[in-house]
Amino acid sequence: MHDRISSLGEKKLISRIISRARSVFGSSEVMGLGDDAALIDAGEEFLVLTSDLLLETRHFPDPERPRDMGWKTVTVNMSDLAAMGSRPEGFILSVALPDLELEFFDSLMDGVIEACCHYQAPLIGGDTNEADEIILSGTAIGRAEKDMVLMKSGARPGDLVAVTGPLGVGAAGTELILSGRDTGGFENAVERSLRPVARIEEGLILAESGLVSSATDITDGLVSELGELMDASGTGMRIYEDRLPLGREVPEIASILGRDPLELALYYGEDFELVFTAPPTGMEELSDMMELHVIGEVTVGGGIEMVDKDGVTYKLHVRGYEHLSPG
């Protein structure tokens with residue numbers, strides 16, 4: 001019996017691809033491979049490129065809002081640029097579509113163009129094809145100063161760990177929409193789910209400060225992304241439950257849905273915030289420049305630990321949103 005890709009899951013499959021690429025191409029040709037975006041030497045700067053693929057049936061909790069679908073397609077790509085401290089320069093969109101009504105298609109494209117304008121990244125090309133469902137593939141292009149680019153590697157024991165904003169809001173909004181319940185009173189959570197905003201400005205502040213040792217975005221879940229920083233840096237992580245900035249509506253929505261609010265904040269994903277590390281003195285300087293929430297520290301090793309509200313320490317299993325998984 002032959003193994004299938006579901007036996008690996010998305011992250012191990014990506015590692016398999018990276019390993020095969022590195023066996024052929026030199027390290028100077030595959031800079032950024034395995035990070036949030038690829039880096040191409042462009043003289044005094046890096047050209048930063050990233051690509052994300054979204055499916056109608058998997059990535060959009062309300063496919064009856066085409067403008068929001070277009071917006072989100074751009075934003076998920078821009079979030080990877082933000083994680084690298086890159087300034088957007090352009091966006092390429094490839095689409096595979098069923099025979100949509102033109103009004104629906106125009107609304108979808110209005111969302112794409114609106115987002116491109118928001119991020120100051122003009123739509124510069126793409127491709128079209130046919131499919132049984134809506135498939136949207138975006139490629140974002142940016143630039144970053146060579147000595148300022150943010151990477152997943154570089155965290156050191158003693159560094160502090162911080163996030164740029166509240167956790168669990170997008171997850172709570174997504175689950176509320178999928179439940180079919182009344183979303184009245186939870187407009188912010190719904191907006192965070194359907195029209196997230198990439199933290200481009202925050203990424204630029206972090207990059208230009210020169211104070212950050214590692215960074216990534218947390219669209220696939222906080223614990224999963226902490227695992228990425230940990231593995232890339234060869235360290236461990238310790239976070240504190242009472243320091244996690246849960247969005248104010250997360251506990252109430254979780255109660256309505258019978259969900260654990262901590263689970264939504266730690267594992268679900270859909271939070272378009274950044275998580276980063278910096279030495280204590282650097283983190284203090286950064287706190288004067290932008291909103292941030294210190295949630296823990298980098299440790300010598302031993303995986304990811306959580307200290308709960310009673311002071312009890314336990315290990316967290318590194319998981320989060322992942323495609324190509326069994327079940």
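Using the three backbone atoms N, Cα and C, a Cβ is placed for every residue, glycine included.
Over in Swiss-Prot, the protein carries these features:
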BINDING   D36, D80, D217  Mg(2+) 3 binding site
BINDING   D36, T50, D80  Mg(2+) 4 binding site
BINDING   S51, D52, D127  Mg(2+) 1 binding site
BINDING   D52, D80  Mg(2+) 2 binding site
BINDING   H59, E270, Y321  substrate binding site
BINDING   G126, D127, K152, T219  ATP binding site
BINDING   D220  Mg(2+) 5 binding site
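Locations of recorded Swiss-Prot features on the structure.
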| residue | record | Cβ contacts under 8 Å, 6 or more apart |
| --- | --- | --- |
| D36 | Mg(2+) 3 binding site | T50, D80, L81, A83, M84, K152, T216, D217 |
| D52 | Mg(2+) 1 binding site | T73, V76, N77, D80, S137, G138 |
| H59 | substrate binding site | K72 |
| G126 | ATP binding site | I92, L93, S94, V95 |
| D127 | Mg(2+) 1 binding site | S94, V95 |
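Counting other Cβ atoms within 10 Å of each Cβ, the lowest count among the binding-site residues T50, S51, T219 belongs to S51. Reduced to three states, the DSSP call for D80 (Mg(2+) 3 binding site) is helix. Of the recorded residues, T219 (ATP binding site) and E270 (substrate binding site) place their C-alpha atoms 5 Å from one another. Straight-line distance linking the Cα atoms of E270 (substrate binding site) and the residue listed as 'Mg(2+) 5 binding site', rounded to a whole number, equals 7 Å. Distance noted between the C-alpha atoms of S51 (Mg(2+) 1 binding site) and D220 (Mg(2+) 5 binding site) is 15 Å. Surrounding the centroid of the Cβ atoms of S51, D52, D127, where the record places Mg(2+) 1, the chain contributes additional residues within 8 Å, namely L53, N77, I92, L93, S94, S137, G138, T139.
DSSP gives S51 (Mg(2+) 1 binding site) a strand state.
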